[in-house]
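K.L.:
Have a look at this one.
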Amino acid sequence: MPPHQTPLADESSEHKHFSNGADRNLNGHDYAGFLEAADNGLIPGLVTKQRATVSQVYDPSFFKFANPGPLGLFSFALTTFVLGFYQCGVGLPNSDPFGSVGPEQAVFGLAVFLGGGAQFIAGLMEFRVGNTFGTTVHCCYGAFWLAFSMFMVPSLGLKDAYAGNERAYSVALGIFLIAWCFLTILFVIAALRTNIAILSVLVCLAIAFLLLSIAQFTLTLNRSSAIAINQAGGAFAILTALLSFYAGGAGIMRPETTWVSFPLGEIPRHGPNGKEGKQG
C-alpha cells in the first residue's frame, strides 16, 4: 500500500548470499568469479555492497524487492469497479440488482482470479517486505473476493440451502457484508497515519459495505427502498474503486519510468498532544 523501503535482510534470511566459500558455488554457478569480476569493476553497471556482518555478505544492487501494493490495489479496484456498476443496476432489467440477471454473471471471473487470486498474492508479497498492514489488508480482501464468489456458484447450492426462504438468505448476506464493514472500520483506524488516498479508499469501502448490508437486511421488507440503498452502495463501491486506481497508480509512477506523479496526500504525523507519535 504505502510506498515501501525495502529493509536489508539479515544474515539469517533466505536472501543470505555468499556467506562462505561453499555458498559461493550455488547451483553450479561460479559466483566467486562473478563477485570478483564485479568487485574489480569488470561488470558494467553492477555495484556490490558489503555489509558489516561477521562473515563477508554481499548484496548485488539488482537484488531488491518490488512494491506489491499497486498489484493489490489495481486488483481490488478493477473488481470493485465492475461490481459497483452492477450493484447500481446499470444495464440490468429494471435497474434491479436483485433480479435474476445480477452482478454475479459479470464479476465472477474477476472475483476469483483478480480480486481474489492476484490480491491475495499481493498480500503474501507484502509479508515478504515486512508490511504488516499491507499483508493484512490485501490478504483479507483477497479472501473476501474468493468467499464472495462462492455465492455465485450454483453447483454449491448455497442459496438452495435456504429452501427458497428469501428472507433468511438475504439476512445471511447482510450479516456477511456487515462483518466486512466492521473489519474495514478497524482498517480505517489503523490507517490514520498512512495517507489521504489510502484512508479515503477504506472510508468509502466501509460506507459501501454498510449500505449494501442494509439493502440485504431490508430486501424482503421494502424492495424498492432496498434497491435504492443498494444502488447507493454500488455508487460508493465505484468511488472506492476510482480512489484505489489512483492510489495504485501512485505506486507505479516512478521517476525512472515517467515524469508524472500522483500525490497521495500526506497526513500530519502528530498525536493528540501535538507531538509526533512513535514510529510503528
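FYI, residue positions are counted from 1 along the chain as it appears here.
Cβ coordinates are placed from backbone N, Cα and C, and glycine is handled just like the others.
Look at TrEMBL and you will find 1-21 tagged as region 'Disordered'. For 65-86, 106-125, 137-156, 168-189, 196-219, 225-247, the entry in TrEMBL reads transmembrane segment.
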K.L.:
Take the C-beta pairs under 8 A between the transmembrane segment (168-189) and each of 65-86, 106-125, 137-156, 196-219, 225-247. Which stretch has the highest count?
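P.N.:
The stretch I would name here is 196-219.
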K.L.:
Ranking 137-156, 196-219, 225-247 by Cβ pairs under 8 Å to the transmembrane segment (65-86), which is first?
P.N.:
225-247
K.L.:
Are there residues at least six beyond either end of the transmembrane segment (225-247) with Cβ under 8 Å to its Cβ atoms? List them, or say none.
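P.N.:
Counting only partners 6 or more residues beyond its ends, the transmembrane segment (225-247) has Cβ contacts under 8 Å with 1, 73-74, 76-78, 80-81, 83-89, 95-98, 197-198, 200-201, 204-205, 207-212, 214-216, 218-219, 262, 264.
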